[in-house]
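Visitor: Features from TrEMBL:
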type: TRANSMEM; residues: 12-32; note: transmembrane segment
type: DOMAIN; residues: 107-325; note: domain 'ABC transmembrane type-1'
type: TRANSMEM; residues: 111-134; note: transmembrane segment
type: TRANSMEM; residues: 146-168; note: transmembrane segment
type: TRANSMEM; residues: 202-221; note: transmembrane segment
type: TRANSMEM; residues: 276-296; note: transmembrane segment
type: TRANSMEM; residues: 302-328; note: transmembrane segment
Amino acid sequence: MGLLRFLAQRAAATLVLLIGISIVSFAIIQAVPGDYVDMWMSTTAAQTGQSRAALEPQAEILRAQLGLDQPVVVQYWRWIVGIVTAGNFGDSFFFSKPVTEVIGLRLPRTLALAFTAMVLAQFIGGALGVYAAMNQYKLGDTISTIVAFLGIVIPKFVISLIILYYLAFVWHSPYIGALQSPEYLLQDHWSLDKLWDFLKHVWPILLISIWAGQAYTLRMMRGNLLDVMKSQYIETARAKGLSRRRIIMVHAIPNALHPVIMNIGSRFEYMIKGEIEIAIVLGVPTIGPLILSSVAERDMYVVAAIFMLVATIMVVGNLVADLLLAVVDPRVRQAAMEGNT
């Protein structure tokens with residue numbers, strides 16, 4: 001019961017945090033000067049040669065139709081009520097369709113790429129971290145340290161620009177700014193050819209994300225494992241005559257993994273941010289370019305919905321990481337039960 005109470009408290013805290021996220025998400029786009037109607041007036045005036053004063057009557061009608069003439073509090077209340085009662089995040093001003101349709105394809109792509117990169121980065125970084133710790137100060141440890149350092153300090157957009165340059169001007173690759181070649185876009189079913197074509201389009205995103213993500217996991221796993229190997233129970237295991245392999249695999253690695261598991265939520269958040277950043281540079285049709293264009297057009301419901309959904313996923317990811325840690329670490333479960341008795 002103590003653990004269930006702990007989980008209920010975490011879920012309640014998450015709900016309160018999500019309410020705060022919704023307010024911040026809506027406030028961010030409202031803080032940007034001007035609104036969609038102002039952008040419409042500027043565009044129309046440039047295209048038709050009309051003055052903004054001449055367009056003002058039409059602008060007022062459009063602003064009333066879109067609900068932008070209402071106080072910000074009223075706009076937020078209508079937006080959040082629509083989300084809670086009907087899952088309606090509002091309509092996109094620019095696309096003239098529900099926000100859920102606008103982001104319906106792009107958000108799953110972003111999450112799928114970020115999740116894939118996170119899983120691979122965790123495995124690769126964890127394995128390299130174990131290897132580096134077991135070969136401390138040797139050549140392998142030095143190389144892994146350099147790789148991790150470069151992955152941490154080089155901004156992802158810089159790596160993206162370098163790869164974009166080679167794709168466009170050196171390799172003359174046709175696989176830029178898309179997720180599939182035209183001949184596969186209308187295919188509903190997946191095949192090996194379609195999967196291979198997909199990988200040829202997304203490998204830059206995965207490569208950059210994995211390189212940056214594994215660097216953090218590598219350093220964390222290396223440090224954790226070196227600390228664990230100095231523990232008293234490891235010395236006891238050695239004294240009992242257990243093999244080095246058994247000590248590492250059965251006793252050391254499981255305990256060194258706890259901080260890594262605890263940081264899975266933040267790693268997923270890092271991967272989502274990275275995918276968005278890389279996609280903007282490479283022009284891949286995921287959430288990144290949509291955020292950029294929606295901010296430019298002042299399409300506030302699209303931007304607010306993306307911020308809200310991505311932040312919610314990050315918060316839930318941290319909650320899941322806490323639950324995983326409680327599952328694999330009896331000490332966390334015991335502390336939760338004692339703290340709620």
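Every residue gets a Cβ built from N, Cα and C, even glycine.
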Visitor: Is the transmembrane segment (302-328) close to the transmembrane segment (202-221), in the sense of at least 3 CB pairs under 8 angstroms with a sequence gap of 6 or more?
Guide: no
Visitor: Out of 12-32, 111-134, 146-168, 302-328, which stretch touches the transmembrane segment (276-296) the most, going by CB pairs under 8 Å?
Guide: 146-168
Visitor: Might you confirm whether the transmembrane segment (146-168) is in contact with the transmembrane segment (12-32), defined here as three or more C-beta pairs under 8 A between residues 6 or more apart in sequence?
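Guide: No, the transmembrane segment (12-32) does not contact the transmembrane segment (146-168).
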Visitor: Same chain, outside the transmembrane segment (302-328) by at least 6, Cβ under 8 Å from its Cβ: which residues?
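Guide: 3, 6-7, 10-11, 14, 17-18, 21-22, 24-26, 28-29, 79, 83, 89-90, 92, 94-95, 99-100, 102-103, 107, 111, 254, 257-258, 261-266, 268-269, 272, 287, 290-291, 294-295, 336.
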